[in-house]
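Okay, so here's the structure we're looking at.
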Amino acid sequence: MFSKLASRPIAIGIGASLSMALAANASSSSPSPASCDADAPVPLSKMLSTIQSSLSRIEATLGIPPPAPKYTPPPANTSYNPATPKTPPVTPHGIDIVLGAQWGDEGKGKLVDILSQTYDVCARVAGGSNAGHTIVANGRKYKFHLVPSGILNETAVCIIGNGVVVHLPSFLEELKSLELAGVKWEGRIKLSDRAHMVFDFHQDVDGKQETKLGRNKIGTTKKGIGPAYASKISRNGVRVGDLKDMEYFEERFRILCEYQMQANPGLEIDVEKELEYYRKISPYVQGMTTDTIEYTNQAYLSGKKILVEGANATMLDIDFGTYPFVTSSNPSIGSVLTGLGVSPRKLNGIYGTVKAYCTRVGEGPFPTELVDEPGSTGEFLRSNGYEFGTTTGRPRRCGWLDIPQMKFSTNINGFTSLNLTKLDVLTGLPELKVGIKYKLNGKTIDTMPANLKVMTSPSFEVEYEVLPGWTEDISTCTKFEELPPNAQKYVLRVQELIGVPIRWIGVGPNRLDVVDRGPGWDVVEQKRM
């Protein structure tokens, strides 16, 4: 009742204002008798203009603000002048990414090597010299740790992005070994001025911390990656770009050394010797140092094809992996944005690399791990697949392909296609198993457990699906149809279980031992077709 009564004066006031506005509009817009011609037709455009004008005056009288102006793009200049022809606009290709989908060592470098032959720019965005890729090309074996394996493409520029931590002595040694192998890299490596540096004492700290953990060790490579990222997050790290001002570099370096020696009793650092070394290499390193963020984005805008080479893998991600048995960075899709300095709108194909089985180096849970005994399937996979770490030489733990883990990795990264590697290693096994479900106390677990005690619980189990094996040699296959029927069935079943098309299939260790099913097996390429 009170609301109805209270609204009446307002309604009356609005009504009165509207009447006054209409009266004022009528008196101002009525034509004079002398100009009135009943027989003359009035154009429609004039009638609409009069109505619009009247409405505007009424709204102004009532105090209604005019509508906000809309953006109108400038008219296109359609005039053609042969003397000054215009360059057609460049359509950016987008940034393609190769990522590890398991626990690392999946064979990412081989796909990068194949793809990079048609790319203008190849980049690393996370991790450090703890990563390792082995490429066999023209009978020669190349091992990469910091330098993108795309350097084997003589026309490609290789970027080490701001998200990478760089141990300069190791980096320079790697360049030297490439030079001795006949790889001409000069002028083709761009080192980010924002990349943080790994020092020898970071490696010392890494080793001592791992030793202190004893039976609870992480399984780190002891390359100083974790302590270097810790310095970065503690905001006392030193960046590659700091070498451009040696006075500033020395100041930052002394502060960092003092902090490390206080935090790690017994740690000894020969500060002056270290400074002498970095003064010596500074001019050489500066020749490769640049603002890689600007360089990458300009390359994208100019239509250059850019390929990112992921290091490590999703299940070693500091956020998504089997924490704490993980690396110290984010080797999943997010690192491309933060470690290269690009917008997510610039990403294109996201290629997940997955072995036809599964391996892991170091400590931590491994649900589908096989027993490692002479004559066992686990020993067969390690021996046939030569499963030893590129960086450490440690034997890798081997197991069956893990579908729940792969679905988890796919959810995080949004793979547009998969690169299934080392299918040839399975040749000769009478039957193959694929882990399809995790169960706890007999109930299915829908995702990767965050609590590692779940995967080490006696009540935790993996449900497997058994598929027939094959004995035929597949190393000479170049088409999917040439694979043995059981090998085809295996690939198609894995593809069905993961829910992502498998485009590339590794059939041997050499550079070209890959079956490419074509762009029709890539979600991104399908949209373009």
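Note: Cβ is positioned from N, Cα and C throughout, glycine not excepted.
If you check TrEMBL, you get these features:
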type: ACT_SITE; residues: ASP105; note: active site, proton acceptor
type: ACT_SITE; residues: HIS133; note: active site, proton donor
type: ACT_SITE; residues: LYS232; note: active site
type: BINDING; residues: 104-110, 132-134, ARG396, 422-424, 506-508; note: GTP binding site
type: BINDING; residues: ASP105, GLU106, GLY107, LYS108, ASN130, ALA131, GLY132, HIS133, THR221, ARG235, ASN312, THR327, ARG394; note: IMP binding site
type: BINDING; residues: ASP105, GLY132; note: Mg(2+) binding site
type: BINDING; residues: THR390, THR391, THR392, GLY393, ARG394, PRO395, ARG396; note: substrate binding site
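Shown here: features listed in TrEMBL, placed on the structure.
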| residue | record | Cβ neighbours (10 Å) |
| --- | --- | --- |
| GLY107 | GTP binding site | 24 |
| LYS110 | GTP binding site | 28 |
| ASN130 | IMP binding site | 28 |
| THR134 | GTP binding site | 16 |
| THR221 | IMP binding site | 24 |
| LYS232 | active site | 19 |
| PRO395 | substrate binding site | 14 |
| ARG396 | substrate binding site | 20 |
| LEU423 | GTP binding site | 24 |
| VAL507 | GTP binding site | 24 |
Cβ-Cβ neighbours of GLY393 (substrate binding site) (radius 10 Å): 8
Shortest C-alpha distance to GLY107 (GTP binding site) - which of the recorded positions ASN130, LYS232, ASN312, GLY393, PRO395: ASN312
Candidate binding-site residues LYS110, THR134, THR221, VAL507, pick with smallest Cα gap to PRO395 (substrate binding site): THR221
Other CB atoms within 10 A, centred on the residue listed as 'active site, proton acceptor': 27
ASN312 (IMP binding site), number of other Cβ atoms within 10 Å: 29
Least Cβ-crowded entry, counting other Cβ within 10 Å, from the binding-site residues listed as GLY104, ARG394: ARG394
ASN130 (IMP binding site) to VAL507 (GTP binding site) - Cα separation in whole Å: 27
Entries of THR221, LYS232, GLY393, ARG394 which, being recorded positions, have CA atoms within 10 angstroms of GLY104 (GTP binding site): none
Spatial neighbours of ASN312 (IMP binding site) among the recorded positions ASP105, LYS232, LEU423 [C-alpha, 10 Å]: ASP105
Nearest-integer angstrom distance between the alpha carbons (Cα) of ARG396 (substrate binding site) and LYS110 (GTP binding site): 19
Cα-nearest neighbour of VAL507 (GTP binding site) within the listed recorded positions, ASP105, THR221, LYS232, GLY393, ARG394: ASP105
